[in-house]
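Lifted from Swiss-Prot, the feature list:
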TRANSMEM  13-34  transmembrane segment
TRANSMEM  54-76  transmembrane segment
TRANSMEM  95-117  transmembrane segment
TRANSMEM  132-154  transmembrane segment
TRANSMEM  161-183  transmembrane segment
TRANSMEM  193-215  transmembrane segment
TRANSMEM  244-266  transmembrane segment
TRANSMEM  286-308  transmembrane segment
TRANSMEM  321-343  transmembrane segment
TRANSMEM  358-380  transmembrane segment
TRANSMEM  387-409  transmembrane segment
TRANSMEM  414-436  transmembrane segment
């Protein structure tokens, strides 16, 4: 990364960082896409089981990744402030936190999740598939969190192409393992939907291996000496990571868990509805890669410029990100509307299930416009390290407004589609409130900078 002067130069740097991130996110989300489609091609029961299992893993995955992503703005600001020597210890303390969290989650999976599954309104077969899907995921949880730290370190330096290379190398391996474990090919056991969990868990370890190799061989990464001895656990650094990471993780948890809660509530409408909801939701997850990548880009660039005390530049990057996200939202909405029948055909050959998926995709258009505003705002706030209030706003918007609206509408003739209207309502409320917040934060940072100049 480097300082830019003109809007054209800023757009170029924005796209240079954004493009590899979006390719990475699309490739990562394609893992979920192939888990869903390949399980659906095995059976509707397998698809429903993966949907329930994913409803547990997805919010945990996103929330804890969000917590660990706290090192991205921390390192970006250190680089902007020319404090590169502090980067190694930041990464190491992030790794210590990651391993501790992995241990806790594995315990929860084996001690708590089975009890929850037995009390859910799903068939015994679906619960069994979900249980073994999660056991497979557990194999790779430590690797997943380690790779999250290493990916955040790489991205915070603006070297998003490296992350892209890592992902492009590993996802085809995941698809191959899905083919082996789900359908029992090449002498592997036929595990159905549960096999996609084992395929994903094993793939996470490959991601770590490739990440370590690239960090050790790329000059711009090797110079930080990440793997040259361990640095001490610093509680001040842990406190900083937790202070940014917990609100960030909770914000993501409240958003992703609301979708998981809706998946569970869909059980009242039957297996077919769960399968249709999961299929449409996997499409939304894939498209969400674009606004999410805008947010990640703004976190990196905003953190870098804030660390360098160039607040005007950070604000200009936010405007660029907002423009890009809105354009992307319009394109995604058009794709969902005009190609919904083709998209549904990827998931099933069943005419009734296909019709349900298409109906969900129409309501998913609302998500595209809400995320077009919300995601870049969240990315900018993370770059500014102003995340304390975001989790509170997310909880109110999603759980106290969005879910009750959706629950109420589900008793009307909208049925299960009412939940998706409720979800959209929550996203729009959060987008509106946080848009006000980011402007207030920028004014506060500018005022603090001016006061610092006067006092000096």
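Think of each number as a place in line: the chain as shown, counted from 1.
The backbone N, Cα and C atoms fix where each Cβ goes, glycine too.
If you look at the transmembrane segment (161-183) against the transmembrane segment (95-117), you find fewer than three C-beta pairs under 8 angstroms, all six or more positions apart, and that falls short of contact. Of the recorded ranges 13-34, 132-154, 387-409, 414-436, the transmembrane segment (95-117) has the largest number of C-beta contacts under 8 angstroms with 132-154. Non-local neighbours of the transmembrane segment (358-380) in the same chain are 251, 276-277, 279-281, 283-284, 287-288, 291-292, 294-299, 302, 314, 317-318, 321-322, 324-326, 328-330, 332-333, 336-337, 340-341, 343-344, 390, 417, 420-421, 423-424, 427-428, 430-432, 434-435, 437-438; each lies 6+ residues outside the stretch with a CB under 8 Å from one of its CB atoms. Long-range contacts of the transmembrane segment (54-76) within its own chain (CB-CB distance under 8 A, at least 6 residues past either end) are made by residues 32, 35, 87, 90-91, 94, 97-98, 101, 105, 113, 116, 130, 133-134, 137, 144-145, 148-149, 152-153, 155-157, 240-246, 248-253, 255-257, 259-261, 263-264, 278, 296, 299-304, 307, 382-385. Here the transmembrane segment (13-34) does not touch the transmembrane segment (414-436). Their Cβ atoms form fewer than 3 pairs under 8 Å, with each pair 6 or more residues apart.
Long-range contacts of the transmembrane segment (387-409) within the same chain, counting only residues at least 6 positions beyond its ends with a Cβ under 8 Å from a Cβ of the stretch, are 244, 246-248, 250-251, 254-255, 258, 261-262, 265, 378, 381, 417-427, 429-430, 433-434, 437.
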